[in-house]
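Features reported for this protein in Swiss-Prot:
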- His76, Gly117, His118, Ser119, Gly149, Ala150, Asn177, Tyr294, Glu379: thiamine diphosphate binding site (BINDING)
- Asp148, Asn177: Mg(2+) binding site (BINDING)
Amino acid sequence: MNPSPLLDLIDSPQDLRRLDKKQLPRLAGELRTFLLESVGQTGGHFASNLGAVELTIALHYVYDTPEDKLVWDVGHQSYPHKILTGRKNQMHTMRQYGGLAGFPKRCESEYDAFGVGHSSTSIGAALGMAAADKLLGSDRRSVAIIGDGAMTAGQAFEALNCAGDMDVDLLVVLNDNEMSISPNVGALPKYLASNVVRDMHGLLSTVKAQTGKVLDKIPGAMEFAQKVEHKIKTLAEEAEHAKQSLSLFENFGFRYTGPVDGHNVENLVDVLKDLRSRKGPQLLHVITKKGNGYKLAENDPVKYHAVANLPKESAAQMPSENKPAAKPTYTQVFGKWLCDRAAADSRLVAITPAMREGSGLVEFEQRFPDRYFDVGIAEQHAVTFAGGLACEGMKPVVAIYSTFLQRAYDQLVHDIALQNLPVLFAVDRAGIVGADGPTHAGLYDLSFLRCIPNMIVAAPSDENECRLLLSTCYQADAPAAVRYPRGTGTGVPVSDGMETVEIGKGIIRREGEKTAFIAFGSMVAPALAVAEKLNATVADMRFVKPIDEELIVRLARSHDRIVTLEENAEQGGAGGAVLEVLAKHGICKPVLLLGVADTVTGHGDPKKLLDDLGLSAEAVERRVRAWLSDRDAAN
């Protein structure tokens, strides 16, 4: 028996619109089953997509996509959208090398109206499209679909503020599941999920107390009264929820509709048809459940936000085998260092912009809850907030991904560096990140950090050096950033101490002849592998700023040529810093600069991506040998 007779008919939204509305609930079930199977094979974002199935079907059923524009915020919930827009048979390639991207991507499909990956951009982008359509005299509709987690970011409110004052036809769908990746924080989620009216609860309690004894004596009366009580509570909650939400968004100039059940697809279709006919800014408040339809994800949406594979819901836990201990990830090394340091220093505080699990802060929050601050998806605020803490003598550590640190660049300069405030940035996911692709790659931090005055920039080559540099930069009386990659370390033993190294000094990892490899961070390991074959010297620079000028000059004068290696953009990166030192000292030597060229990277297996970029050990060897051969031929 065909498990998906309706879904098999759909290769585009045009096919979807041929279905009767009464068939849509069945289609939703088939689509959810397909998601379970496809994500179970490929991994990827999971719980968010399960929660957006009915909403996605309804949007494509009502709106004339791709003529009408759907802009998905972040893109975590875009898999059903991809399935319904002609990519169903490619879902087995999701996030794989050469396959479908894990986020909407304009070059992948005409249905992907705007490329995303970071949060809170959808309203601004959809507003721009609506404004353009008005200028062009088009009657197309633009829709922004944004989660309540993304609504905690200032950019979303900037767009709401602007949209409410513009005469454009825009729909904002607020997908309210009370989650971002972790549970939401801040006043806005509490506002959206406000409790029932207190007076109603008080009244119900009084009635129960005064009538309970009587009702107990009447058969079935107490059960009936409990049902009435539950219904009154539910109505009170919905009324209060709607009243408060309406007040907020209508004050922004939007006409508010909701909240509505985001899993009742037939009702969603009716509501969206009505909204599509309206003029001006509209906001639809939809209530969904993250992980809907898969009990494990419903019960633990944080764990199942993104998965590598899926266990069977009924599968028994298998006894663990005696396996060798896995190498720790850099994130784990940071998390342990942070807890160790906090236990010894009561001034240490940790800040994260809604990335508790990803940044390794779960244990810290449990052990030091008063010194843990999750500020929501608000990177700009996170940095300035850290500056305020530093002004009062605290020792802030901002745990943040490299790609998200980009969103707070002005705050880095204006609020931290210009005031020389001692804030430590633990910059995770530096370099290639793999399946999440270019929107999440950390390829620019060395370039944009090293030009900031007062900033110390460090790049460890292994997990023990990561701990050393974290301890060193924490004790520096200046702003500092330690950038480290995603994934496991090299397997070296990690100290439990708080040893430090001299700021701005590198070390020689291997002595060789003629060719000197000046390597930074994750590129030290491939440099060592290639140096063994070429008998080259390898310097682990440790710091990009201040850079070890003395070591660079010594290597340049004692070797015939230099190769710089970094997992960062070549423009403005660490290799450029080496060239600046050579120019400053009047040294003219052949230099091969190896980094990420001026290109947008792909997604998939990090090893394949590094090979494509010429930064795997094998690729570095090929490039260096070719460079040496060309130089020999030229001479």
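Cβ coordinates are placed from backbone N, Cα and C, and glycine is handled just like the others.
Structural mapping of features recorded in Swiss-Prot.
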residue	record	DSSP (3 states)
His76	thiamine diphosphate binding site	coil
His118	thiamine diphosphate binding site	coil
Asp148	Mg(2+) binding site	coil
Asn177	thiamine diphosphate binding site	coil
Glu379	thiamine diphosphate binding site	helix
Exercise for the section: Just report the maximum Cα pair distance in Å for the recorded thiamine diphosphate binders His76, Gly117, His118, Ser119, Gly149, Ala150, Asn177, Tyr294, Glu379, no decimals. Expected result: 32
Problem - Sparsest-packed of the listed binding-site residues (His76, His118) - C-beta count within 10 angstroms - result: His118
Handout entry: Cβ packing number for Asn177 (thiamine diphosphate binding site), 10 Å threshold
Key = 23
Exercise for the section: Taking the Cβ of Asp148 (Mg(2+) binding site) as the centre, count every other Cβ atom within 10 Å, in any protein chain shown. Expected result: 23
Exercise for the section: Could you measure between Glu379 (thiamine diphosphate binding site) and Asp148 (Mg(2+) binding site) for me? Cα positions, answer in whole angstrom. Expected result: 16
Exercise for the section: Between His76 (thiamine diphosphate binding site) and Asp148 (Mg(2+) binding site), find the distance joining the two CA atoms and give it rounded to the nearest Å. Expected result: 13
Exercise for the section: To the nearest whole angstrom, state the Cα distance for the pair His118 (thiamine diphosphate binding site) and Asp148 (Mg(2+) binding site). Expected result: 14
Practice task
Ten-angstrom check, please: count other Cβ atoms within 10 Å of the Cβ of Gly149 (thiamine diphosphate binding site), all chains counted.
Solution key: 31
